Amino acid sequence: MIGGGMMGEALLSRLVVEQVYLPDDMVVSEPQVKRQEFLAQQYGVQVTGENRLAANAIEVLFLAIKPQVFEQVAVSLSAHDRHPATLVISILAGTPLKTLESAFPGQPVIRAMPNTPAAVGAGITAIAAGQHAQAHHLELARRILETVGEVVEVPESMMDAVTGLSGSGPGYVALMIEALADGGVAAGLPRAIAMKLALQTVRGTAQLLQEEGIHPGELKDRVTSPGGTTIAGIAALEKSGFRSAVIEAVRAAWMRSKELGQKS
Ligand SMILES: NC(=O)C1=CN([C@@H]2O[C@H](COP(=O)(O)OP(=O)(O)OC[C@H]3O[C@@H](n4cnc5c(N)ncnc54)[C@H](OP(=O)(O)O)[C@@H]3O)[C@@H](O)[C@H]2O)C=CC1
Ligand SMILES: O=C(O)[C@@H]1CCC=N1
């Protein structure tokens, strides 16, 4: 694994728990010594500050660095460190398969977009296969990424949209939860109770929609008693352009993902 930051650690921790790889069989390359020490101590993985050492003779090269340092990292892996059979899995936002494939010519490459609930095994990851990836590579990528949640396969042309929705989505939902709790506090609730209510309301709503398979509009209709409280709240949300704000958030993140791709 190149890059042992937030997402890298989320995946590592789940790979250890699910025993897909033994900690000893994983090498993480990470520039900060303190971070290396933490990852080694916490998960028992091997650590290095040298990307080329991590990339030598391995089954999977997992890229979890920021898109902005991809070029520098690709250069740091000289051609003789790259094995043609090594599967490259990248979670870099906006970094297209063609950029990845030109850095790893002839190698099987999979572009993936996970999200932060990965850290607790409740994420969702979209994957798109490069031209040299075969069925067994996709199967291996699924086995790895299913440790952090669900996996869906999409055409690469959809990856920027996926990034705008589920990749960045936890940020929007976190904002919504914080705002719900703030609303509760404004209405006189203690902060801790407001947060507990906000969290379980979002979790329970998602679970209900998923388990019953109903349309969100139907659930909204169920909650809104005639002349009641919910319709008053919804009217206020509509007046403030809530739906439009959420749609625009996904669109802005989608555009940013495309922009990152044009720069690479
Ligand atoms: N955060 C998220 O929700 C999601 C992120 N992603 C993608 O995952 C990737 C990582 O994101 P995230 O984990 O949030 O970012 P982090 O900054 O937490 O992790 C990146 C890690 O890479 C390290 N790093 C920097 N330069 C190098 C280098 N030259 N060689 C090896 N390691 C290096 C960083 O070290 P240092 O801090 O010292 O620079 C850092 O520890 C990004 O490409 C992002 O687009 C995808 C889906 C969701
Ligand atoms: O904000 C970002 O760029 C990354 C990609 C998706 C979520 N976080």
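Placed from the backbone N, Cα and C atoms, the Cβ positions cover glycine too.
Curation plays no part in TrEMBL annotations; they are all automatic predictions.
Pulled from TrEMBL, these are the features on record:
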type: BINDING; residues: I2, G3, G4, G5, M6, M7, A64, I65, K66, P67; note: NADP(+) binding site
type: BINDING; residues: N51; note: NADPH binding site
type: DOMAIN; residues: 2-94; note: domain 'Pyrroline-5-carboxylate reductase catalytic N-terminal'
type: DOMAIN; residues: 156-260; note: domain 'Pyrroline-5-carboxylate reductase dimerisation'
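Projection of TrEMBL feature records onto the structure.
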residue : record               : DSSP class
I2      : NADP(+) binding site : strand
N51     : NADPH binding site   : helix
A64     : NADP(+) binding site : coil
Among I2, G3, G4, G5, M6, M7, A64, I65, K66, P67, the record's NADP(+) binders - longest CA distance, Å: 14
Around the Cβ of A64 (NADP(+) binding site), the count of other Cβ atoms that are within 10 Å: 24
Tally of DSSP helical, extended and coil residues in the domain 'Pyrroline-5-carboxylate reductase dimerisation' (156-260): 90 helix, 0 strand, 15 coil
Cβ contacts of N51 (NADPH binding site) (under 8 Å, same chain, 6 or more positions away): I2, S29, V73, S76, L77
Fewest-neighbour residue among binding-site residues, criterion Cβ within 10 Å, set I2, M6: M6
Packing count at K66 (NADP(+) binding site) (other Cβ atoms within 10 Å of its Cβ): 13
Which same-chain residues, if any, lie at least 6 apart from G4 (NADP(+) binding site) yet have Cβ under 8 Å of it: L12, V28, S29, E30, R35, Q36, L39, V47, A64
Overall pLDDT for the domain 'Pyrroline-5-carboxylate reductase dimerisation' (156-260), taken as the rounded mean: 98
